[in-house]
Amino acid sequence: MNTTPSAHETIHEVIVIGSGPAGYTAALYAARAQLTPLVFEGTSFGGALMTTTEVENYPGFRNGITGPELMDDMREQALRFGAELRTEDVESVSLRGPIKSVVTAEGQTYQARAVILAMGTSVRYLQIPGEQELLGRGVSACATCDGSFFRGQDIAVIGGGDSAMEEALFLTRFARSVTLVHRRDEFRASKIMLGRARNNDKIKFITNHTVVAVNGYTTVTGLRLRNTTTGEETTLVVTGVFVAIGHEPRSSLVSDVVDIDPDGYVLVKGRTTSTSMDGVFAAGDLVDRTYRQAITAAGSGCAAAIDAERWLAEHAGSKANETTEETGDVDSTDTTDWSTAMTDAKNAGVTIEVTDASFFADVLSSNKPVLVDFWATWCGPCKMVAPVLEEIASEQRNQLTVAKLDVDTNPEMAREFQVVSIPTMILFQGGQPVKRIVGAKGKAALLRDLSDVVPNLN
């Protein structure tokens, strides 16, 4: 693999790191101020809402909207006004001085006068034996991605907040039963969400218990529970477990550059979005330890863009000096949205579509290694990884074939290879599965994972 850094000479006015409501709103407002923001969405673009089933409390959507749909709309709106979006992950930053720089996982360096941090949060796991070992084999943090694999089965949800209730309610569409395990007697969830869960006959409750281990060898067979009052341990027999115990701020990228609190949240000055580093602003759940709502994240993204615009006008002599008025509609040369990502990849003709019927000929009998992407049209993270796989398929076509299998229309092979989480990518060599990768990853990370099996990837 070629990891030599490459610098781009253009100095941008604003770079936004992260997406979700905060990142996309910051991009929208910066674009309307004619700052032409460069946005690094990352491979988890769309943020936590990409795994949310239903958003009922975002103003303007009286009938609700799914998380991926809301993010799709926000992303397209930012594009429409001229934001430049890239799905690369940022690996390191240099934020001191008048010109800031970011380095992507692919070794590319980009520069800007101001930076907006909107990396959001990541899923908090239990950190117990068996959890990471069985991730993607019955352990999940995304009900919308993986719930359909547990039709007619007994599963568990761990947590006590709104997210746990939402996951449990969604999973009742597929599971025979859902047991909600919480370490306390009282729940943090809102009354309306808790009431819905209690009124669902498929949902059972176990309170005052912690999960001490996930049982299973190749797949989940149960949970080891400990009573927080008596200390007694029991086994709950389930085939799947969904973790919904909250999130942690993704601040490790800047933890040695800007001030953060003991829990990792980026600190801002007063009622602004300014961080301890001049010209660096922060927004969304990366900052907010109290409200953590889509609407508050969007609001702080707006504030960050306005703060950055004013700072540039005062300090950098940028385009922000030329206009602070809202602009009218503009044409964007890039209007791609997530709903077309899978179609675009397919039409490019580099990846191949395989089915249960063609699996033997296309995959198991291939002379070349074949990376099979198990995906579905409704899977948000699958849309994230689709263009990355298309790019790898094009660049590595001499060493590797990339194939896609829709688990909805071709469930047999998914069952055969115990795929219970998507996206799951399995590398086949000589007709045998030799590598399994669960979850959306960036190009550089995927190539690193594959290079120990397939040589000469670059």
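Glycine is no exception: its Cβ is also placed from the backbone N, Cα and C atoms.
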According to Swiss-Prot, which candidate in Ile203, Ile245, Ile306 joins Ser163, His182, Arg188, Tyr265, Arg292 at the NADP(+) site: Ile245
Regarding the disulphide bond with Cys382, report which of Cys302, Cys379 Swiss-Prot records as its partner. Cys379
Note down the number of other Cβ atoms within 10 Å of the Cβ of Ile245 (NADP(+) binding site), including every protein chain shown. 19
Sort the residues of the domain 'Thioredoxin' (341-455) into helix, strand and coil with DSSP and give the three counts. 45 helix, 27 strand, 43 coil
Distance between Ile295 (FAD binding site) and Ser163 (NADP(+) binding site) at the Cα atoms, whole Å? 16
Looking only at Ser163, His182, Arg188, Ile245, Tyr265, Arg292, which the record lists for NADP(+), tell me the maximum pairwise CA distance in angstrom. 25
Just how many other Cβ atoms lie inside 10 Å of the Cβ on His182 (NADP(+) binding site)? 22
Coarse DSSP state, helix versus strand versus coil, of Asn57 (FAD binding site): coil
Including all protein chains displayed, how many Cβ atoms other than that of Arg292 (FAD binding site) lie within 10 Å of its Cβ? 15
Let me know the most crowded of the binding-site residues, choosing from Ser19, Thr43, Asn57, Ser163 and counting other Cβ atoms within 10 Å. Ser19
